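Student: Let me begin by handing over the structure; questions about it come next.
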């Protein structure tokens with residue numbers, strides 16, 4: 001089913017000018033931008049640009065290979081130096097009008113925001129997107145429907161065009177087309193199409209080599225190139241393919257993607273309906289949250305207003321009381337002045353001649369005057385003019401207001417099982433919720449399952465974690481632990497994450513790296529810089545050895561061991577074998593066996609040479625009960641192969657299905673040196689896959705053997721113990 005052309009307008013809009021594309025150019029990141037928009041992005045100042053004069057002579061509608069001229073490097077350096085000198089003189093004379101400003105050749109893509117560097121050649125390195133241009137033209141025609149394209153050759157009145165010539169780049173009516181393209185002339189061979197305003201070239205030319213056609217596709221740069229670009233140009237070391245092959249592959253991929261989207265139309269409509277419901281819920285919940293916030297702040301404002309009114313009333317009452325006291329004191333002191341108040345009254349009393357009457361009045365008057373005299377000696381204002389007791393210290397309250405949590409309860413984090421590993425110590429990693437507000441810290445909790453009878457089933461808390469991971473120490477061996485984590489923001493805790501369980505290994509983790517000295521073959525094995533992974537390579541030595549191989553023999557294993565040995569106790573380590581590995585032997589070996597392997601090299605060997613060759617020779621059955629100084633388990637081609645003797649006695653020894661298991665993502669090995677026994681585990685579930693007796697008379701080393709294509713990675717937690725001391 002075809003989509004109507006009118007329904008794709010959003011795909012035809014330039015991300016810069018927000019209008020329909022006009023002569024779109026393809027950027028290196030595969031996004032398209034209008035020609036004029038790219039030009040405006042590149043020019044710092046159109047009026048002062050050194051290309052302004054050249055661009056003014058360009059036609060408004062650029063041709064198939066019209067370009068904005070770019071300066072040479074010498075000219076660019078000269079202009080940059082000139083601009084620097086002018087900037088230095090800016091303080092004295094100001095910036096001169098008409099000064100030259102170097103052009104910018106780097107700008108962020110408006111679609112993906114990646115920096116686009118056009119280099120010295122500038123816009124000349126960009127292809128025009130003729131396909132997009134044609135679609136835009138068809139859209140314009142469908143949008144205007146009734147507006148016809150007129151003949152470019154008719155004299156007024158113009159007739160409606162019936163066809164357009166791609167060579168002449170003009171539209172014609174029937175009569176004009178016959179007149180300008182007569183039979184028997186070269187113009188009769190011109191290519192014509194229906195009426196159009198979009199005249200594209202017949203052949204796409206290389207922008208770097210102007211006379212060459214593009215005939216290849218660079219898979220690195222994802223753009224068409226010519227053969228000169230591949231021979232000695234900028235794409236010399238890039239992988240290219242033929243244009244027909246790229247066309248076929250890209251068209252097939254695009255068709256499959258379109259068919260898939262069309263087949264999922266019902267699912268898309270369902271998801272759109274779900275999104276519309278979410279939009280409505282978002283609007284409703286946003287309004288509810290807005291009303292709730294308004295109510296909360298109104299209550300805060302009301303409380304503050306009440307406290308404000310109480311404080312202002314207290315200040316007013318205190319001010320009135322103090323003014324009354326001070327004014328009364330002023331009146332009292334004014335009475336002490338001559339001929340006024342108390343002094344004047346006392347002078348009048350002294351005029352009394354009757355002794356009895358004088359004594360009766362003078363006693364009380366003398367007491368008042370004595371008080372006034374005392375107040376003069378010890379002057380104290382009746383009230384304190386300062387209002388320090390009403391000064392508010394609100395810094396704590398302001399800090400609390402600033403720390404108000406508007407994000408609510410944070411989302412719980414999710415423990416990342418792919419990055420979390422548990423040994424006698426556990427590395428727990430989690431992913432924080434993708435919300436816009438950061439959390440203050442996280443708290444990890446864990447407990448040992450099945451410990452109810454010991455009374456130790458409580459949750460244990462770690463210290464605050466300020467990051468996405470933490471290490472838990474002192475875990476008991478061969479135990480099942482449950483972990484959960486939650487976030488905290490402004491004293492509000494999120495719900496707990498879903499609980500995850502890990503089974504600790506049966507022994508402490510043994511730390512080591514691959515040994516690059518003892519028996520290491522650099523011709524056949526590639527060791528990483530950290531010495532935590534090794535890969536088997538099919539080099540020239542392997543090829544020469546294979547040339548000498550006769551029927552009935554096979555290539556020998558290339559061995560590599562750990563750089564640390566074991567002479568006592570129980571130890572556990574884990575590793576990953578790449579699924580594409582052809583044959584890998586994993587296990588343990590003693591120092592005596594290693595001397596035999598490394599000091600007696602051989603390119604080929606018989607299948608019966610080694611007791612643990614991995615072939616169905618019967619040698620494994622013969623010596624299974626014997627205690628050997630090594631044990632190696634065969635892993636390869638996505639499978640793990642168990643020796644025959646490890647299968648139950650009642651099973652058919654010829655049935656391979658009983659001893660071929662899917663290869664675990666992680667394999668664990670546990671060596672009990674004192675008991676002389678080795679165990680192989682599925683490290684994810686801690687399920688024991690295989691165990692057997694081993695001779696531990698010497699120092700034992702983790703051992704690996706590779707043949708063909710194979711790769712082994714040590715667990716990060718295993719290597720971290722060794723790397724931390726290096």
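Cβ from N, Cα, C; glycine included.
Unlike curated entries, TrEMBL annotations are predicted automatically.
The model shown is predicted, which means the values in this text are computed figures rather than measured ones.
For reference, TrEMBL lists these features for the protein:
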DOMAIN    14-56  domain 'RING-type'
DOMAIN    201-243  domain 'B box-type'
DOMAIN    350-407  domain 'COS'
DOMAIN    409-507  domain 'Fibronectin type-III'
DOMAIN    492-722  domain 'B30.2/SPRY'
Student: Counting by DSSP, what is the helix, strand and coil composition of the domain 'COS' (350-407)?
Tutor: 35 helix, 0 strand, 23 coil
Student: Provide the three-state DSSP residue tally for the domain 'B box-type' (201-243): helix first, then strand, then coil.
Tutor: 7 helix, 11 strand, 25 coil
Student: Mean pLDDT for the domain 'COS' (350-407), rounded to an integer?
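Tutor: Its mean pLDDT is 79.
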